[in-house]
Amino acid sequence: MTSYSDKGEKPERGRFLHFHSVTFWVGNAKQAASYYCSKIGFEPLAYKGLETGSREVVSHVVKQDKIVFVFSSALNPWNKEMGDHLVKHGDGVKDIAFEVEDCDYIVQKARERGAIIVREEVCCAADVRGHHTPLDRARQVWEGTLVEKMTFCLDSRPQPSQTLLHRLLLSKLPKCGLEIIDHIVGNQPDQEMESASQWYMRNLQFHRFWSVDDTQIHTEYSALRSVVMANYEESIKMPINEPAPGKKKSQIQEYVDYNGGAGVQHIALKTEDIITAIRSLRERGVEFLAVPFTYYKQLQEKLKSAKIRVKESIDVLEELKILVDYDEKGYLLQIFTKPMQDRPTVFLEVIQRNNHQGFGAGNFNSLFKAFEEEQELRGNLTDTDPNGVPFRL
């Protein structure tokens, strides 16, 4: 594992603040939004569709504390862009929005460095000016959007069905306590991680924050490489993974195959009380990965000589299958859902940080084994050729 202290030159102007929202393109926005509300603890926030004058696209916006997800679907059969996207990639992330200061300057510098500006929009809603500028990621499935003081230009009045959903169901379910987006992870095909990281460095003036390679993260069968990109203030972190050659197809390669290329693998949602959050999510029916049963026995032995003390009960963490990673300064707790749709692509992470800014590298091997068990169930833990290239089914 490598940590980087060099942030590069501080940008003259413009500042990335935090994740603003994540937009998914899905086959049925109403059903997807309802699923994330009933399962993950979101609540309806805004809507646009035929009733609000939107004739081409319907969007349902849901919110939990400072986390905002937008689910969008085509309304008409001739929407080729959204239709082709769904056929190739399935339901998944189309856009990641960052809230920024001085959007005009950031866009100007990105354009000078070669970024493709998809479109520029100025939105006025509730007397707040919003500047919405999507950036095209070369050869990527998803776009990045810069948002300055943005409020959604959607009908903020909940639809009758949304009000009914909250009154009859959501208000009776346990609260999950998920607060903010901690980080968002992208997967790339082999040998494309470096070009993706260079895009962030060149166009957005991000820097390398942390990295691991396949000599550090591997099992008997598969491996990965990963680099984390961050803005100057390090309030936004974007890990980028790529598969490394192994005896069998890695879970990163499985993702790339089913997603039809690069894309967002998972979204990490931060909480201050992961035990309550996971109890609530399990009560709501969310399924999580389970690491090998030996994990917690080994963890207890390691913690005996550790410089830090985990405040939470290890027995409770084992009961809920929550993982622990630590260093001499602090620790984090994390757990991963199974895929949120039928394709084994996008999933969620729930994370609690206690003076620890890592990404669970100490858990990667155990997680890889858990992923491999799921791959085996799907029939996707398949052999590779002598060069580590997966055989196609």
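Backbone N, Cα and C atoms are what each Cβ position is placed from, and that goes for glycine too.
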Candidate sharing the Fe cation site with His183, His266 (per Swiss-Prot), from Glu81, Glu99, Glu349: Glu349
Nearest-integer angstrom distance between the alpha carbons (Cα) of His183 (Fe cation binding site) and Ser211 (phosphoserine): 15
Mapped DSSP class for Ser250 (phosphoserine), helix or strand or coil: coil
Fewest other C-beta atoms within 10 angstroms, as judged across His183, His266, which are the binding-site residues: His183
Which of Ser211, Ser250, the listed modified residues, has fewest other Cβ atoms within 10 Å: Ser211
From Ser226, Ser250, His266, Glu349: recorded positions whose CA lies within 10 A of Ser211 (phosphoserine): Ser226
